[in-house]
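Marked as active site, proton acceptor by TrEMBL: 42, 259. What TrEMBL records for 42 is N6-(pyridoxal phosphate)lysine. Annotated substrate binding site per TrEMBL: 140, 318, in sequence order. Sequence annotations record features per position, and here TrEMBL assigns domain 'Alanine racemase C-terminal' to 238-375.
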Ligand SMILES: *Cc1c(COP(=O)(O)O)cnc(C)c1O
(Lines of atoms letter the chains of each structure in order from A and count residues from 1; the text may use other names and numbers.)
(Lines give C-alpha, C1' and ligand atoms only; values in the text may rest on other atoms or scores of the structure.)
Protein backbone atom coordinates (compact mmCIF):
# COMPACT_ATOMS: atom_id res chain seq x y z
CA UNK A 1 0.00 0.00 0.00
CA UNK A 2 1.27 3.51 -0.69
CA UNK A 3 0.42 6.84 0.93
CA UNK A 4 1.90 10.29 1.25
CA UNK A 5 3.08 12.26 -1.72
CA UNK A 6 2.56 11.18 -5.32
CA UNK A 7 5.67 9.14 -6.23
CA UNK A 8 6.01 11.00 -9.51
CA UNK A 9 6.28 14.27 -7.66
CA UNK A 10 7.95 13.49 -4.34
CA UNK A 11 11.60 14.13 -3.56
CA UNK A 12 12.01 11.07 -1.46
CA UNK A 13 10.45 7.77 -0.63
CA UNK A 14 10.07 5.95 2.61
CA UNK A 15 9.63 2.20 2.57
CA UNK A 16 8.27 0.56 5.69
CA UNK A 17 8.54 -3.20 5.85
CA UNK A 18 5.63 -4.26 8.04
CA UNK A 19 6.67 -7.93 7.81
CA UNK A 20 10.03 -7.02 9.35
CA UNK A 21 8.28 -4.95 12.00
CA UNK A 22 6.03 -7.87 12.89
CA UNK A 23 9.03 -10.25 12.93
CA UNK A 24 10.78 -7.87 15.32
CA UNK A 25 7.74 -7.73 17.57
CA UNK A 26 7.58 -11.53 17.54
CA UNK A 27 11.26 -11.79 18.49
CA UNK A 28 10.69 -9.34 21.35
CA UNK A 29 7.59 -11.28 22.40
CA UNK A 30 9.61 -14.49 22.49
CA UNK A 31 12.35 -12.85 24.54
CA UNK A 32 9.77 -11.39 26.91
CA UNK A 33 8.23 -14.74 27.80
CA UNK A 34 6.61 -15.57 30.16
CA UNK A 35 5.55 -11.91 30.02
CA UNK A 36 3.06 -10.69 27.45
CA UNK A 37 4.29 -8.09 24.98
CA UNK A 38 2.61 -4.81 24.18
CA UNK A 39 3.68 -2.24 21.60
CA UNK A 40 4.61 1.38 22.20
CA UNK A 41 3.18 3.38 19.31
CA UNK A 42 3.54 6.94 20.59
CA UNK A 43 4.50 9.73 18.20
CA UNK A 44 2.51 8.06 15.41
CA UNK A 45 4.32 4.75 15.88
CA UNK A 46 7.74 6.41 15.96
CA UNK A 47 6.91 8.28 12.76
CA UNK A 48 5.85 5.21 10.79
CA UNK A 49 2.08 5.64 10.99
CA UNK A 50 -0.27 4.28 13.64
CA UNK A 51 -2.90 3.37 11.06
CA UNK A 52 -0.49 0.96 9.32
CA UNK A 53 1.56 -0.30 12.25
CA UNK A 54 -1.21 -1.05 14.73
CA UNK A 55 -3.33 -3.30 12.46
CA UNK A 56 -0.21 -5.29 11.48
CA UNK A 57 0.67 -5.82 15.15
CA UNK A 58 -2.90 -6.63 16.09
CA UNK A 59 -2.95 -9.29 13.40
CA UNK A 60 0.25 -10.72 14.86
CA UNK A 61 -1.40 -11.03 18.26
CA UNK A 62 -0.50 -7.78 20.03
CA UNK A 63 -3.42 -6.72 22.22
CA UNK A 64 -2.04 -3.83 24.31
CA UNK A 65 -0.73 -0.52 23.02
CA UNK A 66 0.88 2.45 24.73
CA UNK A 67 0.71 6.01 23.41
CA UNK A 68 1.92 9.29 24.86
CA UNK A 69 -1.25 11.31 24.27
CA UNK A 70 -4.97 10.60 24.31
CA UNK A 71 -5.15 12.05 20.81
CA UNK A 72 -2.86 9.23 19.67
CA UNK A 73 -4.99 6.79 21.64
CA UNK A 74 -7.98 7.74 19.52
CA UNK A 75 -6.04 6.90 16.39
CA UNK A 76 -5.15 3.50 17.81
CA UNK A 77 -8.77 2.93 18.81
CA UNK A 78 -9.92 3.74 15.28
CA UNK A 79 -7.94 0.83 13.83
CA UNK A 80 -7.98 -1.56 16.81
CA UNK A 81 -11.46 -1.43 18.35
CA UNK A 82 -10.77 -4.19 20.88
CA UNK A 83 -7.24 -3.27 21.94
CA UNK A 84 -6.21 -2.16 25.41
CA UNK A 85 -4.85 1.35 25.02
CA UNK A 86 -2.80 3.03 27.76
CA UNK A 87 -2.01 6.75 27.65
CA UNK A 88 1.36 7.47 29.24
CA UNK A 89 1.59 11.22 29.58
CA UNK A 90 -0.63 12.03 32.51
CA UNK A 91 -4.24 13.06 32.74
CA UNK A 92 -6.26 16.28 32.78
CA UNK A 93 -9.88 16.32 33.90
CA UNK A 94 -11.31 17.84 30.74
CA UNK A 95 -10.20 14.73 28.85
CA UNK A 96 -12.37 12.37 30.91
CA UNK A 97 -15.29 12.10 28.46
CA UNK A 98 -12.87 11.09 25.71
CA UNK A 99 -11.25 8.43 27.89
CA UNK A 100 -14.67 7.09 28.76
CA UNK A 101 -16.10 7.13 25.29
CA UNK A 102 -13.06 5.62 23.61
CA UNK A 103 -12.10 3.30 26.41
CA UNK A 104 -8.61 4.72 26.93
CA UNK A 105 -6.74 3.94 30.13
CA UNK A 106 -4.72 6.71 31.72
CA UNK A 107 -1.34 5.98 33.27
CA UNK A 108 -1.46 8.12 36.41
CA UNK A 109 1.88 9.32 37.66
CA UNK A 110 1.43 11.87 40.45
CA UNK A 111 -0.59 12.21 43.64
CA UNK A 112 -2.53 15.05 42.04
CA UNK A 113 -3.55 12.84 39.18
CA UNK A 114 -4.56 10.06 41.57
CA UNK A 115 -6.66 12.51 43.61
CA UNK A 116 -8.27 13.87 40.49
CA UNK A 117 -9.07 10.40 39.24
CA UNK A 118 -10.51 9.42 42.62
CA UNK A 119 -12.78 12.45 42.72
CA UNK A 120 -13.97 11.94 39.14
CA UNK A 121 -14.71 8.30 39.91
CA UNK A 122 -16.17 8.79 43.38
CA UNK A 123 -19.81 8.66 42.34
CA UNK A 124 -19.44 5.99 39.69
CA UNK A 125 -20.49 2.43 40.31
CA UNK A 126 -18.39 1.10 37.46
CA UNK A 127 -14.97 2.50 38.29
CA UNK A 128 -12.87 3.39 35.27
CA UNK A 129 -9.57 1.53 35.01
CA UNK A 130 -6.23 3.23 35.45
CA UNK A 131 -2.57 2.29 35.51
CA UNK A 132 -0.13 3.52 38.14
CA UNK A 133 3.28 4.78 37.09
CA UNK A 134 5.90 4.66 39.82
CA UNK A 135 9.20 6.47 39.51
CA UNK A 136 12.06 4.24 40.58
CA UNK A 137 14.98 6.36 39.40
CA UNK A 138 14.14 8.27 36.25
CA UNK A 139 12.65 11.39 37.86
CA UNK A 140 10.33 11.98 34.98
CA UNK A 141 6.77 10.71 35.45
CA UNK A 142 5.53 8.59 38.32
CA UNK A 143 4.74 8.75 42.02
CA UNK A 144 7.62 8.04 44.36
CA UNK A 145 8.21 4.60 45.79
CA UNK A 146 6.99 5.73 49.21
CA UNK A 147 3.89 7.34 47.77
CA UNK A 148 3.11 4.15 45.91
CA UNK A 149 3.59 1.99 49.00
CA UNK A 150 1.33 4.30 51.01
CA UNK A 151 -1.24 4.22 48.22
CA UNK A 152 -1.22 0.42 48.23
CA UNK A 153 -1.58 0.28 52.01
CA UNK A 154 -4.67 2.50 52.04
CA UNK A 155 -7.58 0.17 51.44
CA UNK A 156 -9.94 2.95 50.45
CA UNK A 157 -8.02 3.36 47.23
CA UNK A 158 -9.15 1.75 44.03
CA UNK A 159 -6.61 -0.65 42.65
CA UNK A 160 -4.81 0.07 39.41
CA UNK A 161 -5.08 -2.56 36.69
CA UNK A 162 -1.40 -2.13 35.83
CA UNK A 163 1.64 -1.14 37.83
CA UNK A 164 4.56 0.18 35.81
CA UNK A 165 7.91 1.87 35.99
CA UNK A 166 10.41 2.95 33.36
CA UNK A 167 14.13 2.20 33.25
CA UNK A 168 16.50 5.13 32.79
CA UNK A 169 19.63 3.26 31.72
CA UNK A 170 18.45 -0.02 30.23
CA UNK A 171 20.48 0.54 27.06
CA UNK A 172 23.64 0.45 29.19
CA UNK A 173 23.53 -2.99 30.76
CA UNK A 174 26.39 -2.32 33.13
CA UNK A 175 24.81 0.75 34.73
CA UNK A 176 24.13 0.30 38.44
CA UNK A 177 20.82 2.14 38.24
CA UNK A 178 19.23 -0.80 36.40
CA UNK A 179 19.45 -3.10 39.39
CA UNK A 180 18.36 -0.41 41.82
CA UNK A 181 15.26 0.24 39.74
CA UNK A 182 14.49 -3.45 39.34
CA UNK A 183 14.85 -4.02 43.10
CA UNK A 184 12.55 -1.10 43.91
CA UNK A 185 10.03 -2.45 41.48
CA UNK A 186 10.25 -5.84 43.10
CA UNK A 187 9.28 -4.30 46.43
CA UNK A 188 6.37 -2.50 44.82
CA UNK A 189 5.15 -5.57 43.17
CA UNK A 190 4.91 -7.31 46.50
CA UNK A 191 2.79 -4.44 47.82
CA UNK A 192 0.49 -4.55 44.78
CA UNK A 193 0.16 -8.30 44.63
CA UNK A 194 -2.20 -9.68 42.02
CA UNK A 195 -1.82 -6.63 39.80
CA UNK A 196 -0.25 -6.87 36.37
CA UNK A 197 3.16 -5.20 36.27
CA UNK A 198 5.36 -3.82 33.54
CA UNK A 199 8.94 -2.62 33.45
CA UNK A 200 10.84 -3.51 30.27
CA UNK A 201 11.22 -1.20 27.27
CA UNK A 202 13.18 -2.49 24.24
CA UNK A 203 16.58 -2.63 25.93
CA UNK A 204 15.00 -3.91 29.14
CA UNK A 205 13.77 -6.99 27.29
CA UNK A 206 17.40 -7.95 26.71
CA UNK A 207 18.19 -7.75 30.44
CA UNK A 208 17.96 -10.75 32.63
CA UNK A 209 15.66 -10.25 35.58
CA UNK A 210 12.96 -8.18 33.93
CA UNK A 211 11.28 -10.96 31.98
CA UNK A 212 9.44 -12.09 35.07
CA UNK A 213 7.11 -9.09 34.89
CA UNK A 214 3.86 -9.57 33.08
CA UNK A 215 3.98 -7.04 30.31
CA UNK A 216 6.88 -5.71 28.27
CA UNK A 217 6.69 -2.41 26.40
CA UNK A 218 8.99 -2.34 23.40
CA UNK A 219 9.17 0.62 21.06
CA UNK A 220 12.30 1.34 19.12
CA UNK A 221 13.51 -2.22 18.58
CA UNK A 222 10.24 -3.11 16.87
CA UNK A 223 10.98 -0.36 14.38
CA UNK A 224 14.46 -1.75 13.74
CA UNK A 225 16.45 0.48 16.10
CA UNK A 226 19.29 -0.84 18.23
CA UNK A 227 17.89 -2.02 21.55
CA UNK A 228 21.22 -1.47 23.32
CA UNK A 229 24.49 0.28 22.59
CA UNK A 230 27.46 -1.78 21.48
CA UNK A 231 27.19 -5.19 19.83
CA UNK A 232 25.35 -6.20 16.69
CA UNK A 233 21.76 -5.11 16.30
CA UNK A 234 19.60 -8.25 16.64
CA UNK A 235 16.61 -6.57 15.00
CA UNK A 236 15.64 -6.59 11.33
CA UNK A 237 15.72 -3.25 9.57
CA UNK A 238 12.22 -1.89 8.95
CA UNK A 239 12.59 1.55 7.43
CA UNK A 240 14.36 2.60 4.26
CA UNK A 241 14.67 6.26 3.39
CA UNK A 242 15.74 7.21 -0.11
CA UNK A 243 16.00 10.52 -1.93
CA UNK A 244 15.97 11.29 -5.61
CA UNK A 245 19.05 12.58 -7.30
CA UNK A 246 18.07 15.85 -8.96
CA UNK A 247 21.27 16.53 -10.83
CA UNK A 248 24.90 15.53 -11.08
CA UNK A 249 27.43 18.27 -11.48
CA UNK A 250 31.16 18.66 -11.37
CA UNK A 251 32.85 21.02 -8.95
CA UNK A 252 36.43 22.00 -9.69
CA UNK A 253 39.37 21.57 -7.36
CA UNK A 254 39.62 24.60 -5.10
CA UNK A 255 35.93 25.52 -5.32
CA UNK A 256 33.55 25.22 -2.41
CA UNK A 257 30.15 23.58 -2.01
CA UNK A 258 27.04 24.87 -0.35
CA UNK A 259 26.11 27.38 2.35
CA UNK A 260 28.96 28.76 4.33
CA UNK A 261 31.36 27.41 1.71
CA UNK A 262 32.35 24.86 4.31
CA UNK A 263 33.37 22.06 1.94
CA UNK A 264 36.42 22.98 -0.13
CA UNK A 265 37.12 20.58 -2.96
CA UNK A 266 40.54 18.97 -2.93
CA UNK A 267 39.97 17.46 -6.37
CA UNK A 268 37.58 17.77 -9.25
CA UNK A 269 34.44 16.34 -7.71
CA UNK A 270 31.25 14.83 -9.05
CA UNK A 271 28.39 15.94 -6.89
CA UNK A 272 24.97 14.29 -6.68
CA UNK A 273 22.46 16.90 -5.55
CA UNK A 274 19.54 15.11 -3.89
CA UNK A 275 16.02 16.12 -3.07
CA UNK A 276 16.05 15.77 0.70
CA UNK A 277 16.89 18.14 3.51
CA UNK A 278 16.30 19.03 7.09
CA UNK A 279 12.68 19.93 6.31
CA UNK A 280 12.29 16.20 5.67
CA UNK A 281 14.00 15.24 8.90
CA UNK A 282 17.37 14.61 7.29
CA UNK A 283 19.06 16.48 10.06
CA UNK A 284 21.41 19.37 9.35
CA UNK A 285 23.77 18.03 11.98
CA UNK A 286 24.57 15.17 9.56
CA UNK A 287 26.32 17.68 7.27
CA UNK A 288 29.68 16.47 6.15
CA UNK A 289 31.50 19.53 7.39
CA UNK A 290 31.20 22.78 9.12
CA UNK A 291 28.24 22.31 11.41
CA UNK A 292 29.60 22.07 14.92
CA UNK A 293 27.39 20.43 17.48
CA UNK A 294 28.27 21.05 21.12
CA UNK A 295 31.76 22.01 20.08
CA UNK A 296 32.54 19.00 17.92
CA UNK A 297 32.18 18.57 14.19
CA UNK A 298 30.58 15.20 13.49
CA UNK A 299 31.73 12.96 10.68
CA UNK A 300 28.53 13.49 8.80
CA UNK A 301 26.13 11.22 7.03
CA UNK A 302 26.64 8.79 4.21
CA UNK A 303 24.34 7.72 1.44
CA UNK A 304 24.38 4.44 -0.43
CA UNK A 305 24.04 4.38 -4.20
CA UNK A 306 25.21 2.10 -7.02
CA UNK A 307 26.64 -0.35 -4.52
CA UNK A 308 28.80 2.11 -2.59
CA UNK A 309 28.66 4.42 0.36
CA UNK A 310 29.18 8.08 -0.46
CA UNK A 311 29.63 10.97 1.98
CA UNK A 312 27.46 14.03 2.45
CA UNK A 313 29.24 17.03 0.95
CA UNK A 314 28.82 20.48 2.49
CA UNK A 315 25.86 21.54 4.54
CA UNK A 316 22.52 19.81 4.42
CA UNK A 317 19.97 22.46 3.49
CA UNK A 318 16.22 22.67 3.88
CA UNK A 319 15.34 20.74 0.74
CA UNK A 320 18.60 19.57 -0.81
CA UNK A 321 21.64 17.54 0.19
CA UNK A 322 24.77 16.89 -1.86
CA UNK A 323 26.88 13.74 -1.89
CA UNK A 324 30.39 13.23 -3.24
CA UNK A 325 30.11 10.52 -5.92
CA UNK A 326 33.52 11.03 -7.49
CA UNK A 327 34.64 7.51 -6.55
CA UNK A 328 31.74 5.85 -8.36
CA UNK A 329 32.16 4.77 -11.98
CA UNK A 330 31.10 7.51 -14.39
CA UNK A 331 27.48 6.94 -15.42
CA UNK A 332 26.83 4.66 -12.41
CA UNK A 333 24.11 7.04 -11.29
CA UNK A 334 21.81 9.41 -13.10
CA UNK A 335 19.34 12.11 -12.24
CA UNK A 336 16.13 10.44 -11.09
CA UNK A 337 17.94 7.58 -9.36
CA UNK A 338 17.42 7.06 -5.65
CA UNK A 339 20.11 7.25 -3.02
CA UNK A 340 19.59 5.41 0.29
CA UNK A 341 19.96 7.62 3.36
CA UNK A 342 19.30 4.82 5.78
CA UNK A 343 18.01 1.27 5.45
CA UNK A 344 19.62 -2.03 4.56
CA UNK A 345 23.01 -0.55 3.69
CA UNK A 346 23.21 2.44 6.00
CA UNK A 347 21.86 1.27 9.37
CA UNK A 348 19.41 3.66 10.99
CA UNK A 349 21.57 4.01 14.08
CA UNK A 350 24.71 4.73 12.03
CA UNK A 351 22.82 7.50 10.24
CA UNK A 352 21.70 8.80 13.62
CA UNK A 353 25.20 8.70 15.12
CA UNK A 354 26.54 10.59 12.11
CA UNK A 355 24.10 13.35 13.05
CA UNK A 356 24.95 13.23 16.75
CA UNK A 357 21.65 11.70 17.74
CA UNK A 358 19.73 8.44 18.16
CA UNK A 359 17.55 6.37 15.83
CA UNK A 360 14.46 7.42 17.79
CA UNK A 361 14.99 11.03 16.80
CA UNK A 362 15.60 10.28 13.13
CA UNK A 363 12.42 8.21 12.91
CA UNK A 364 10.21 10.68 14.75
CA UNK A 365 11.59 13.56 12.69
CA UNK A 366 10.67 12.01 9.33
CA UNK A 367 8.89 14.63 7.30
CA UNK A 368 5.56 14.60 5.52
CA UNK A 369 6.82 15.15 1.97
CA UNK A 370 7.83 11.58 1.22
CA UNK A 371 6.04 9.05 -0.84
CA UNK A 372 5.39 6.20 1.60
CA UNK A 373 5.28 2.53 0.72
CA UNK A 374 4.15 -0.12 3.18
CA UNK A 375 5.31 -3.65 2.38
CA UNK A 376 3.26 -6.48 3.77
CA UNK A 377 2.76 -10.05 2.66
CA UNK A 378 -0.73 -11.51 2.72
CA UNK A 379 0.21 -14.26 5.12
CA UNK A 380 0.33 -12.15 8.25
C1 LIG B 1 8.83 5.25 24.97
C2 LIG B 1 8.56 4.37 26.11
C3 LIG B 1 8.77 2.99 25.99
C4 LIG B 1 9.41 2.34 24.78
O5 LIG B 1 10.78 2.56 24.83
P6 LIG B 1 11.80 1.99 23.74
O7 LIG B 1 13.13 2.35 24.25
O8 LIG B 1 11.46 2.70 22.45
O9 LIG B 1 11.56 0.54 23.63
C10 LIG B 1 8.39 2.18 27.06
N11 LIG B 1 7.87 2.73 28.18
C12 LIG B 1 7.69 4.06 28.33
C13 LIG B 1 7.14 4.58 29.61
C14 LIG B 1 8.04 4.92 27.31
O15 LIG B 1 7.90 6.25 27.47
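Heads up, residue numbers simply count up from 1 along the chain you see.
Each Cβ is built from the backbone N, Cα and C atoms, and glycine gets one as well.
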Checklist entry - Between the recorded positions 140, 259, 318, which lies closest to residue 42 (active site, proton acceptor), Cα to Cα? => result 140
Next on the checklist: On the 0 to 100 pLDDT scale, where does the domain 'Alanine racemase C-terminal' (238-375) sit on average?
Outcome noted: 93
Checklist outcome for this item: Out of 42, 259, 318, the listed recorded positions, fewest other Cβ atoms within 10 Å surround the Cβ of 318
Item to check | Rounded Cα separation (Å) that holds between residue 318 (substrate binding site) and residue 259 (active site, proton acceptor) | outcome: 11
Checklist outcome for this item: Reduced to three DSSP states, the domain 'Alanine racemase C-terminal' (238-375) has 23 helix, 51 strand, 64 coil
Item to check | In the chain carrying residue 140 (substrate binding site), residues 6 or more apart in sequence that have Cβ under 8 angstroms from it | outcome: 166
